[in-house]
Amino acid sequence: MNSSFHLHFLDLGLNATEGNLSGLSVRNASSPCEDMGIAVEVFLALGLISLLENILVIGAIVRNRNLHIPMYFFVGSLAVADMLVSLSNFWETITIYLLTNKHLVMADASVRHLDNVFDSMICISVVASMCSLLAIAVDRYVTIFCRLRYQRIMTGRRSGAIIAGIWAFCTSCGTVFIVYYESTYVVVCLIAMFLTMLLLMASLYTHMFLLARTHVRRIAALPGHSSVRQRTGVKGAITLAMLLGVFIICWAPFFLHLILMISCPQNLYCSCFMSHFNMYLILIMCNSVIDPLIYAFRSQEMRKTFKEIVCFQGFRTPCRFPSTY
């Protein structure tokens, strides 16, 4: 849970648990830093905006048959992960308000269990996001370098099985987190997964873009060749690069918090960094808000479907948006 809630727990007489992902912001009386207070309304607003945006993304993918392709199925999986972290922080903020204002009374054990559930949702979300981004990267790789065999390799059934495997794995991770929340090994495993994902993605991208230059030139030299699909694959890879960049920027402070929490919890500088945990949660929620904007900016088909849903389904009146394409 976020650090402000954790401090309220301390006021209620609860102690921090060593394995709690977000409750371990160390307070040091001699630390020159103070917790950064962020209004509850900010968490609620970001959570609600992200929730609505990602519902719109999922609705667009379901509605438009042109988006019924593996890449957008994986994008839908990423949208569900973003929606999950938004729901977690949204309901957590509401719970904070109800508990601290005495509108809700819960036993200590129930509060601690609820804390674990919220943290588990964040754990599931980050693992699902990493796996979905990796799946999109593999899909773009196959699109660019195995273009003629793409339809046979990335079938709808196979992509569905991959998504099912991703969420089964993520749910298992969340369950393990609840069961072993007091163990620092859970946090270490989560950090290791994040760093491994970054290494895999960096290696894949380096290989992808180095070969893409040679591949594009070779295919463009063929007589009568149309490079539309090739450009589409490269465009999808660039979209993925944007998604990955935003993911790293928004989640890196959270994982650095976890690393410092394990390695130097009593150090004043580490304690100072960890005292701003609420800001790192805001960044995580911003990631969920920004992702749908990237989909809309990069995909004309997605943007068109957004217009149809918002203008015709929502208001039942046609409206016009400026097009950049």
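Positions of Cβ are set from backbone N, Cα and C atoms, glycine also.
Sequence annotations record features per position, and here Swiss-Prot assigns topological domain 'Extracellular' to 1-37 (among others).
Residues annotated as N-linked glycosylation site in Swiss-Prot, with sequence analysis given as evidence: ASN2 (among others).
If you look up Swiss-Prot, you'll see ASN15 (among others) marked as N-linked glycosylation site, on the strength of sequence analysis.
Annotation source Swiss-Prot lists N-linked glycosylation site at ASN20 (among others), citing sequence analysis.
Annotation source Swiss-Prot lists N-linked glycosylation site at ASN28 (among others).
Taken from Swiss-Prot, the feature transmembrane segment covers 38-61 (among others).
Note on the topological domain 'Cytoplasmic' (62-73): DSSP counts are 9 helix, 0 strand, 3 coil. As annotated by Swiss-Prot, topological domain 'Cytoplasmic' applies to 62-73 (among others).
Per Swiss-Prot, the feature transmembrane segment maps to 74-97 (among others).
Residues in the topological domain 'Extracellular' (98-114) partition by DSSP class (helix H, G, I; strand E, B; coil) as 10 helix, 0 strand, 7 coil. If you look up Swiss-Prot, you'll see 98-114 (among others) marked as topological domain 'Extracellular', on the strength of sequence analysis.
According to Swiss-Prot, the transmembrane segment annotation covers 115-138 (among others).
The DSSP breakdown of the topological domain 'Cytoplasmic' (139-155) into helical (H, G, I), extended (E, B) and coil residues amounts to 14 helix, 0 strand, 3 coil. The topological domain 'Cytoplasmic' annotation in Swiss-Prot covers 139-155 (among others).
With a threshold of 8 Å between CB atoms, the same-chain residues lying at least 6 positions outside the transmembrane segment (156-179) that come near it are 21, 68, 70, 73-74, 77, 81, 116-117, 119-121, 123-124, 127-128, 131-132, 135, 139, 186, 190. Summarising the annotation, Swiss-Prot assigns transmembrane segment to 156-179 (among others) and lists sequence analysis as the type of evidence.
Look at Swiss-Prot and you will find 180-186 (among others) tagged as topological domain 'Extracellular'.
The transmembrane segment annotation in Swiss-Prot covers 187-211 (among others) and rests on sequence analysis.
The topological domain 'Cytoplasmic' annotation in Swiss-Prot covers 212-239 (among others).
As annotated by Swiss-Prot, transmembrane segment applies to 240-265 (among others). Sequence-distant neighbours of the transmembrane segment (240-265) (same chain, 6+ residues past either end, Cβ-Cβ under 8 Å): 21, 24-26, 78, 126, 129, 133, 136-137, 140, 184, 187-188, 190-191, 194, 198, 201, 205, 271, 273-274, 277, 279-281, 283-284, 286-287, 290-291, 294, 298.
Around CYS311 (S-palmitoyl cysteine), taking its Cβ as the centre, 15 other Cβ atoms fall within 10 Å, counting all chains.
Ranking 38-61, 115-138, 187-211 by CB pairs under 8 A with the transmembrane segment (274-297) puts 38-61 at the top. Sequence-distant contacts of the transmembrane segment (74-97) (same chain, at least 6 residues past either end, Cβ-Cβ under 8 Å): 1-2, 4-5, 8, 40, 43-44, 46-48, 50-51, 54-55, 57-58, 61, 103-104, 114, 118, 121-122, 124-126, 128-129, 131-133, 135-136, 139, 159, 162-163, 166-167, 170, 243, 281, 284-285, 287-288, 291-292, 295. Non-local neighbours of the topological domain 'Cytoplasmic' (62-73) in the same chain are 136, 139-140, 143, 154-156, 158-160, 163, 236, 301-302, 304-305, 308-309; each lies 6+ residues outside the stretch with a CB under 8 Å from one of its CB atoms. Per-class residue totals from DSSP over the topological domain 'Extracellular' (180-186), listed helix then strand then coil: 3 helix, 0 strand, 4 coil.
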